[in-house]
Amino acid sequence: MNASLLMTLPELVLAAGAIALMLVSAWGGQGSTRLVSWASVAVLIGAGLALLGPASKGGAAFEGLYRADAFAAYAKVLIYVASAVAILIAPRFFAQGRGDDLRPEYPVLILLSAAGMGMMVSAGDLLTLYVGLELQSLAAYVLASFMRRDTRSAEAGLKYFVLGALASGILLYGISLVYGFSGTTLFSSIATAYGAGHSLGLTFGLVFVFAGLAFKMSAVPFHMWTPDVYEGAPTPVTTFFASAPKVAAVALAVRVAIEAMGPATDQWRQIVIFASLASIIFGAVAAIGQTNVKRLLAYSSINNVGFLLVGLAAGTQEGVASVLFYLTVYVVMTLGSFVVVLQMKDAEGEPVETLASLAGLSRARPGLALAMAIFMFSLAGIPPLLGFNAKLAVFTAAVNAGLYPLAVVGFVASVIGAYYYLRVIKVMYFDEPAEAYSGRATPVESAVIAVSAVFVSPVGWLLLAPLGVATMFAAKALF
Amino acid sequence: MTGFPILSVMLAIPALAAVACLFVSAQGARWIALIATLIDFVLGIGLWASFDIGGPQWQFVENAGSLGVFSWKLGLDGFALLLVMLSVFLMPICIGASWVAIEKRVQEYMAAFLITEVLMIGTFAAQDLFLFYIFFEAGLIPMYLIIGIWGGANRIYASYKFFLYTLLGSLLMLVAMLWMVNFAGTSDIPTLLNTDFPVQVQTWLWLAFFASFAVKMPMWPFHTWLPDAHVQAPTAGSVILAGVLLKLGGYGFLRFSLPMFPEASAQLTWLILALSAVAVIYTSLVALVQSDMKKLIAYSSVAHMAIVTIGLFAFNRQGIEGAMIVMLSHGLVSAALFLCVGVIYDRLHTREISRYGGLAINMPRYALLFLFFTMASIGLPGTSGFVGEFLSLAGTYRVSTTATLLCTTGIILGAAYMLYLYRRVVFGEIVHDDVRAMKDISLREMALLAPIAAVALWMGVYPESFLAPMRSDVATLEARIARATPKGDSLPTPGKAPATPAAHAEARP
């Protein structure tokens, strides 16, 4: 029991920290926001440090309900970093007008969500999976509608809640089918059931589980909530949604696919390939007409999920490693580009989100424009930026697994994606300047932008070799 | 070799200079760019001087180890050396051509050019398949910005077209590269050059590489991005586009398609010959009716590039050597022609041919240089164009007499459109008053054009200097593709055997 508790130490730290800070904010009120924010970041760092112990190599805890392995640890590092950034960039956004100041609940909710995501990526059992998913989602619903007086934010929260509940329902239905036909909820035992032979009930269960997970990953055809929620939610919250929960959902899908349903690879591969190509193509085509930067980035995230699924479709250790590598680069690019979006404010300090307002940014704020251009070229997968290496990794895995048509179609479709990323650069560099943005980035925001831009630039090549080793090691945990 | 990483240094100098350019004044950026490109040129001379002709195939090799899936591995053979020389020779000229023509956002402009230089040298020097792809593809970014920011009126359309067209072709090549690396277990180019891929797969791989190189080259009918990009790009952008970037396609065929997929190349030679023949005749005719000077030269580039492709796919020494010389010659001559257009564009701000006329009267020095480059473009004996075109067509004759016949008409048509252009711009009476007021070329412009003229003449009179470094590489390539060489339809007259490679080699000092 003690060993099991030690393995779940990161979640324990997060949960205890969240509860303690909730109490602080209950008594401290509005004035404690700053303290709670910094304390939350400290808690996240503490949880990260806790990963150094048995939490990253302990194996199965609580009779297999929870897995403490390198794969989970890798995903958790990404989740904690993204969560910390989401907390750090929030104060200035909420401080600007509308009377909706940042309240201390915000960092606490993110901590709870992070604890839920930790459970998701460590799940060794369908019920652990579900509990983690719900904890993450419930906190996220509240975060989406965090600006109480803003109708768009309220709408985003409601939409997210209704569709999220539907997705949970579908997932639960799938879980019940899998349980009904295999007699267990443990991943390892489910894998045995799938390996034992073909069963229609199990196949149905698989389909529903993947449909539910696709909702959480926002893969086509279960993506429709994404643009509305990303647009309506406050920008720091959108930053969070596009990074940490995405990592958790994709890592969870990978674990379910490999650990629980590994013997049924041929069955889920069809679903994954379809969702992958549909996401790549739809995400790219739908983004072309967008005029709102946040909506555009929402479609870009759908597009990127498609590429992530290319790596999963390979179903090999190399494929899983490529997914983790892609997630790493994706999280950095996403954090960077959303923090750039945070800088978009008109003369009154109100946030603006139109693509047209970026016009001529290269002359008003050359550094900011250069960073955004790096992120956009990287998202489009143009070398020498790291976004290219990420795409190369997933497609290498797919080609090595013999999935040539997937690779060819995926690559060709990425040209469509390049078009709308180029449009952002065109607006920033080629168009006549629009009204300049007011205000300056805070040191934290500048640091996030600068570090992310350097990470995806050719300087990041130096990290390729260590990241390759780390992702391969993490992926090995699943095989 | 001394072990001094000269290629990495040649890449690092412009890269660092590009960063430095962003932090200084406009005039400072100009000087930094000029000095950096001149240092690279000097280093390039050093490369050429210390290149051991007849020595190992790969020289100046350096390997800084693996970076994940690809490794930082550089090296040059004779082909790459000559193309690197072309790049470093043209770069200072480009910077000089932009000295006064570019007034807005000079720092970014110079940085974009320096980055382009890094990527071009990197493409030719890369010895790792993925490293090659990274340099090859990354070149799109600075060119997209150069066309889009400093281009003409329709620059946005042209920049998109340039970017998306070339990206699509390259991605298909990337899929093929992934397959090859998976098959061979290495991304090391020298190893891959001697890997025999299964014949039935070769066709697919060849087509995937073709998709990329045919767009870059550009071959008819994938050339439509080129006239748009050229017309909209600033003068120096056109120079670098015509001078070096178009050579990437030819270099790709030479480095990858031929030695890696000899059987597929032989099978699909008909495709190359057919497209090239159409390109020569069609684009030459299109060039005849252009009213925009840059567009005319752009179409003539497509025709010249077709001579390169037929030469490459002749599968023999003359053809390959000719193709290389045409590439070098076209790199110099079309670059110079774009500079000539730039000279008068800077004075009158129009590229309409009909707005000029009679320049020989008030700009005699300009008229002389322009005449020289016109003749070089036509392929007058004594200029670089003749050597390349003659060798290339002579080589092709041994494979297909029909294709040679069709492509040779390109020389006649080339003379027609170039002389027609020259007559309309330079000869006749001055009809426009603003043309009368134009000054003859300045010292700066003379300093840009004269070196190109000197090298074009050198290549025309004594091509041995340029043929020598690649002789052993051509032999290696010929030996590699010998097993697949298609049977030619030219029938040597009885009693006169076709020239053997040995006899050919003896004929040279």
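Placed from the backbone N, Cα and C atoms, the Cβ positions cover glycine too.
Here the structure is a predicted model, which means the values were calculated and not measured.
According to TrEMBL, the feature compositional bias 'Low complexity' maps to B:492-509.
The domain 'NADH:quinone oxidoreductase/Mrp antiporter transmembrane' feature in TrEMBL is assigned to B:126-410.
Per TrEMBL, region 'Disordered' is recorded for B:485-509.
Under the heading transmembrane segment, TrEMBL lists B:6-24 (among others).
Long-range contacts of the transmembrane segment (B:79-102) within the same chain, counting only residues at least 6 positions beyond its ends with a Cβ under 8 Å from a Cβ of the stretch, are 10, 14, 30, 33-34, 37-38, 40-41, 43-44, 47-48, 51, 59, 109-110, 113, 117, 120-121, 124-125, 150, 234-236, 239-240, 243-244, 247, 251, 254-255, 324, 327-328, 331-332, 335, 339, 342, 346, 444, 447-448, 451-452, 455, 466, 469-470, 473. Annotation comment: TrEMBL describes B:79-102 (among others) as transmembrane segment.
The annotation transmembrane segment is assigned in TrEMBL to B:109-126 (among others). Taking Cβ pairs closer than 8 Å, the transmembrane segment (B:109-126) reaches residues 7, 10-11, 14-15, 17-19, 21-22, 29-30, 32-33, 36-37, 40, 60, 73-76, 80, 83-84, 87-88, 91, 94-95, 98, 102, 132, 134-136, 138-139, 141-143, 145-146, 149-150, 189, 236, 240, 244-245, 248, 251 in its own chain, all 6 or more past its ends.
Annotation comment: TrEMBL describes B:132-150 (among others) as transmembrane segment. With a cut-off of 8 Å between Cβ atoms, the residues of this chain six or more beyond the transmembrane segment (B:132-150) that come close are 70, 102, 104-105, 108-109, 112-113, 115-116, 119-120, 122-123, 126, 156, 158-159, 162-163, 166-167, 170, 173-174, 177, 189, 229, 232-234, 237, 241, 245, 248, 252.
Distant neighbours of the transmembrane segment (B:162-184): 129-130, 133, 136-137, 140, 143-144, 147, 191-192, 195, 197, 201, 204-205, 208-209, 211-216, 222, 224-225, 228-229, 260; these residues of the same chain sit at least 6 beyond its ends, with a Cβ under 8 Å from one of its Cβ atoms. Here TrEMBL flags B:162-184 (among others) as transmembrane segment.
Sequence annotations record features per position, and here TrEMBL assigns transmembrane segment to B:204-223 (among others).
The annotation transmembrane segment is assigned in TrEMBL to B:235-256 (among others).
With a cut-off of 8 Å between Cβ atoms, the residues of this chain six or more beyond the transmembrane segment (B:268-289) that come close are 203, 206-207, 210, 214, 219-221, 223, 296, 299-300, 302-303, 305-307, 309-310, 312-313, 315, 396, 399-400, 402-403, 406-407, 409-410, 413-414, 416-417, 420, 486. If you look up TrEMBL, you'll see B:268-289 (among others) marked as transmembrane segment.
Summarising the annotation, TrEMBL assigns transmembrane segment to B:296-316 (among others). Within the chain carrying the transmembrane segment (B:296-316), a Cβ under 8 angstroms from the stretch's Cβ atoms is held by residues 217-220, 223, 226-227, 230-231, 238, 242, 246, 249-250, 253-254, 258, 265-266, 269, 272-273, 275-277, 279-280, 283-284, 286-287, 290, 322-323, 326-327, 330, 334, 337-338, 341, 353, 377, 388-389, 391-393, 395-396, 398-399, 403-404, 407, 410, 413-414, 417-418, 421, 478, 481, 484-486, all 6 or more beyond its ends.
Under the heading transmembrane segment, TrEMBL lists B:322-345 (among others).
Residues annotated as transmembrane segment in TrEMBL: B:399-422 (among others).
What TrEMBL lists as transmembrane segment is B:443-462 (among others).
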Contacting positions for the transmembrane segment (B:204-223) when only residues 6+ beyond its ends and CB under 8 Å are counted: 165-166, 168-170, 172-173, 175-176, 179-180, 197, 245-246, 248-250, 252-253, 256-257, 260-261, 264-265, 268, 272, 275-276, 278-279, 282-283, 302, 305-306, 308-309
